[in-house]
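Some features that TrEMBL has for this protein:
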type	residues	note
SIGNAL	1-22	signal peptide
DOMAIN	44-279	domain 'Glycosyl hydrolase family 36 N-terminal'
BINDING	191, 358, 359, 438, 472, 473, 474, 475, 476, 524, 546	substrate binding site
ACT_SITE	474	active site, nucleophile
ACT_SITE	546	active site, proton donor
DOMAIN	641-727	domain 'Glycosyl hydrolase family 36 C-terminal'
Ligand code: GLA
């Protein structure tokens, strides 16, 4: 503290002249296991000197700079903690501006820093940097979650220039890593093919992960990655960072291996077509870049993120979730009140908590009988639902089941009354042909009127039907032809659209949550087209993919599980894929379980199995939602997959195993070493979800020590005759 006042005073006295010989300011950003060390150089530029495992003697951090030829001397050129553009720096910038007078140079000099403790676990360090010539100031924020080893980083950019400054590029985080080699795992995909991982060794130059899709921003790529240092990390070994940007729009992550073979990372909003004007005294807050680091592999790193997300991020992350029956694949757009009433009964018979009415319930002039019309006209379709939603909620309740409903409030079909009434609310280029995805266009959420309209859809539903217990919020189109009539009319820059859309969306969600804080809400975007930790402040779960083929889901859910805990992941039993009902159910149990099948088509045994499965699920779902996840056998490298969840107290665990390839039909012919148990406890095992008439291959009278299960291992006996197995492990 004193040192920082001293440095600030010193800086004020001597400015930044090269003869200034003063002690550097060292700012360690610490969590339980890790540290990010920031340090000023002789010119008071802030650099990163160290990232990794924490040292027990913090006084030794000051030795790092003098030990490193790469960081000294030329310091600051590469390792800047927030690289400005247009002055001494010639590498890829974090912040690039055009000043009010048209000048494009920026320098950022350390001014002061402060650490405030929010509570025993959470601290916020803020570091003020200033341009000595122009009135531009940046505050870097590092929020640390000590126990969870998670850092949330963002920046606030402020201008006191008289004329507006234009932000050309404005990253959330700028990090610097020193290692032998770097291995990046990133994800690609498209509709129904989300989260395909690719791992590559980074070589000199810049590797970019980005999105320019606007709405449904993650359709081809999510803003999440893992980065291994020295060598590729495994589940249990290696240095690895998991990173993700909390932003539901265009993002850009740059990984630059520099001339010293060190790695520069820049992460933030994609500056593509998004120059952002900043008026005098205005602030721009970037989204959060969230990361965790582990020296012990991806398993520990992902458990860090899960612990953090449940406690601090996902809405009601430490609560519970409801099982449900959805009608999308059972009926598509073809339903009426009678059909739905039957489905309520089916849901009740199955034993689920809630019925979710999907797309197709609204619009009259252009009825929503296909995805070609009606989107935007949120009045009940009188032919299908003559008695309205209120009647359905009551009918469901009479049957003993709660009611939830699908909306896609950000979008419009050109064939709709909304489009006819408010063409200026639609994002489209006035002079060019419209271009659609799924026959629809996004509404212009930069427009406050549109924000009110979107909020109003939900507010009306809840006001008229306070018992609605669940919302599925969809978003099925990307943004083509970005242009806002509102920005034009209000004389604002068109380049604000991508950013202001997302800000508008958050405004709506913020207002909605202020009034309806608890209602369960699923984040869906034609599958996993929008999954990030800013949206998950408002949503209780997300829909990972429309692809519910259980074989595909094993792989997809495996990858999502590096970043998101299972309580946030919706998984439904459907008719996708060729696997038997038991297999489909066992896979869906690794998330928030739901059904999207025609229950009346189930034969007696299937129904009996499903009823038991729902009951079993209810008995173990807390372990799945709140327990530690261990990915034991990787389906990408083996004929089978195995994962387990164990409670923090190590008293209960659930093991899932699935055959994913049976060239040999072997499956698990050796035991799997379990994890997360207490070596000194004794456990009994029990097979769950046995299909009626089949016997378990597991001896349930055997008692095992935790040590045995974690050292010698346990064989769930998954093979061509037992393609999926669920085992409950309970301490005695
Ligand atoms: C999207 C969703 C589906 C379903 C349909 C309805 O594709 O991902 O689950 O809700 O919309 O039109």
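Positions of Cβ are set from backbone N, Cα and C atoms, glycine also.
TrEMBL annotations: computationally assigned, not manually curated.
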Nonlocal neighbours by CB distance (under 8 Å) for residue 191 (substrate binding site), same chain, sequence gap 6 or more:
219, 526, 527, 529, 546
Hey, what's the Cβ neighbour count for residue 546 (substrate binding site) at 10 Å?
19
Relative to ligand 1, which of the binding-site residues 191, 359, 474, 546 have a Cβ found under 6 Å from one of its atoms?
359, 474, 546
Diameter of the substrate binding set by C-alpha atoms, the set being 191, 358, 359, 438, 472, 473, 474, 475, 476, 524, 546, in angstrom:
19
For residue 472 (substrate binding site), list the number of other Cβ atoms lying within 10 Å of its Cβ atom.
24
Secondary-structure category, per DSSP, in which residue 472 (substrate binding site) falls:
strand
What residues, ordered by sequence, lie under 8 A Cβ-to-Cβ from residue 476 (substrate binding site) and sit at least six positions away in the same chain?
216, 371, 408, 411, 437, 438, 440, 525, 526, 529
Return the residues near residue 359 (substrate binding site), defined as same-chain residues 6+ apart in sequence whose C-beta is under 8 angstroms from its C-beta, sorted by sequence, else 'none'.
328, 332, 333, 368, 371, 406, 408, 474
Could you tell me the mean pLDDT the prediction assigns to the domain 'Glycosyl hydrolase family 36 N-terminal' (44-279)?
95
